[in-house]
Amino acid sequence: MEGESVKLSSQTLIQAGDDEKNQRTITVNPAHMGKAFKVMNELRSKQLLCDVMIVAEDVEIEAHRVVLAACSPYFCAMFTGDMSESKAKKIEIKDVDGQTLSKLIDYVYTAEIEVTEENVQVLLPAASLLQLMDVRQNCCDFLQSQLHPTNCLGIRAFADVHTCTDLLQQANAYAEQHFPEVMLGEEFLSLSLDQVCSLISSDKLTVSSEEKVFEAVISWINYEKGTRLEHMAKLMEHVRLPLLPRDYLVQTVEEEALIKNNNTCKDFLIEAMKYHLLPLDQRLLIKNPRTKPRTPVSLPKVMIVVGGQAPKAIRSVECYDFEEDRWDQIAELPSRRCRAGVVFMAGHVYAVGGFNGSLRVRTVDVYDGVKDQWTSIASMQERRSTLGAAVLNDLLYAVGGFDGSTGLASVEAYSYKTNEWFFVAPMNTRRSSVGVGVVEGKLYAVGGYDGASRQCLSTVEQYNPATNEWIYVADMSTRRSGAGVGVLSGQLYATGGHDGPLVRKSVEVYDPGTNTWKQVADMNMCRRNAGVCAVNGLLYVVGGDDGSCNLASVEYYNPVTDKWTLLPTNMSTGRSYAGVAVIHKSL
């Protein structure tokens, strides 16, 4: 503040052999430069001692040459060189709009500038022109923080045009790491042929299956089919068809009209079919770009724990960082929600149905991890709490549950592409407090409570989306309602749960290949209504209750050692009936 005294720092220097007369003190006033620039800016605002006028469009800005030259190499070269501008009183700056130039000259005097979504694309090139490299870097940092599947390709193109090398690399890596979501957006569909080829040929492309790459090619061609059809073979050259399952090749790729009508594409399909006929040792001898597995850069993951009872329905959402063993609070749910189904799909976390403390609901909220915000989408057809939720073939399934008066056998599915819910075949048994999981293209509904027999269930049903039918598979060894169900290495785990008043710590695992259940090691604690997720080959069971209190602890199972281990750090809140999902950690 004006008139405020500033503490000076000083240093006394004494040379060896000198007497006291040769002592000297250097005094540093850290506020001096700031005060000086503040006064210069006040002089500028009063148009005092100004010796140059900078003009852009219809905006005229009075300034001091020495200040501009001190902060901008562009102005320094202009004012100290042999150009006519070195003596001119009025200088026009082209290729910069007046408002942006005014902001940048304000920055020269104040060291303050606001970068926003609205101004960053004009601010960065203007800062580059004036060689205000700190502002340019701030713009790059801002764009990097805004990377999202819907804009990363646009930011990549912008970075390329303006030679922002680091931002270009970051945006490209982001596009590769989030390809399944990126391919759904308008930016991807608007790419040029060479840009699509460059992206889908990358070894670093992060896809759970080569199916996504094939689907992306078909979508891009169909977007402007008339002009793009001729590029089909060039694109399919970069799809690693031999790495696709044989069933998918026969049922989907071979049936695609764009493949049927192109001889080169049919050759790629034949190559893939022949690859599947070879013994494994001979497959390894085939070396071409289409048989080489992709090697994506693994993104660190975080675990999201959504809502729950503590002891009433809550809005709180916690995020666990596996690398740092730390829990953080993130954006709360728009309203209280427990007993919901929670899944990760297409780059977002979905919280489906549940109980808000007074009513069973059919509403759905979606979390965007990049923006750290929740939004609402289309509601389900029925109210459901204690439902099961899972993702299969890009559809979100809401299975069973309780509508406030009765247990439900009905099942509905949601397409994020159309934002619509529709019913599929109901289960054979009403199931509330049901656990669900997806293994090898089938959806399983495990245990629960049917409300009619007043018994917890040991039965398990399997849904086949190809036939839209539910069938019973092998029963569990024990009745389990509120079991935590998860999938690890192609097997279905049922953890804890309860049978009447008895809360279990036992765990059993289902092998679809043999249609059998077997016991594995017990958990450290009895748990029902816990959240479950699989990360990096481990199965995590989160919270729940033990029959008397809600639990804040988390434990994980290692199938190699057949042991459960408690996480060293608990959640901030004990919660049961919370949903769990795993997402990529934001860059």
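Using the three backbone atoms N, Cα and C, a Cβ is placed for every residue, glycine included.
Straight from Swiss-Prot, the features:
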- 50-117: domain 'BTB' (DOMAIN)
- 152-254: domain 'BACK' (DOMAIN)
- Ser10: phosphoserine (MOD_RES)
- Ser376: phosphoserine (MOD_RES)
- Ser433: phosphoserine (MOD_RES)
- 396-441: repeat 'Kelch 3' (REPEAT)
- 442-490: repeat 'Kelch 4' (REPEAT)
- 491-537: repeat 'Kelch 5' (REPEAT)
Nonlocal residues around Ser433 (phosphoserine), in sequence order (Cβ under 8 Å, 6 or more apart):
Thr386, Phe402, Gly447, Gly448, Tyr449, Ser481, Gly482, Asn529
Per DSSP, what is the helix/strand/coil residue tally across the repeat 'Kelch 3' (396-441)?
0 helix, 22 strand, 24 coil
Please list, for the domain 'BACK' (152-254), how many residues fall into helix, strand and coil according to DSSP.
75 helix, 0 strand, 28 coil
Counting across all protein chains shown, how many other Cβ atoms sit within 10 Å of the Cβ of Ser376 (phosphoserine)?
11
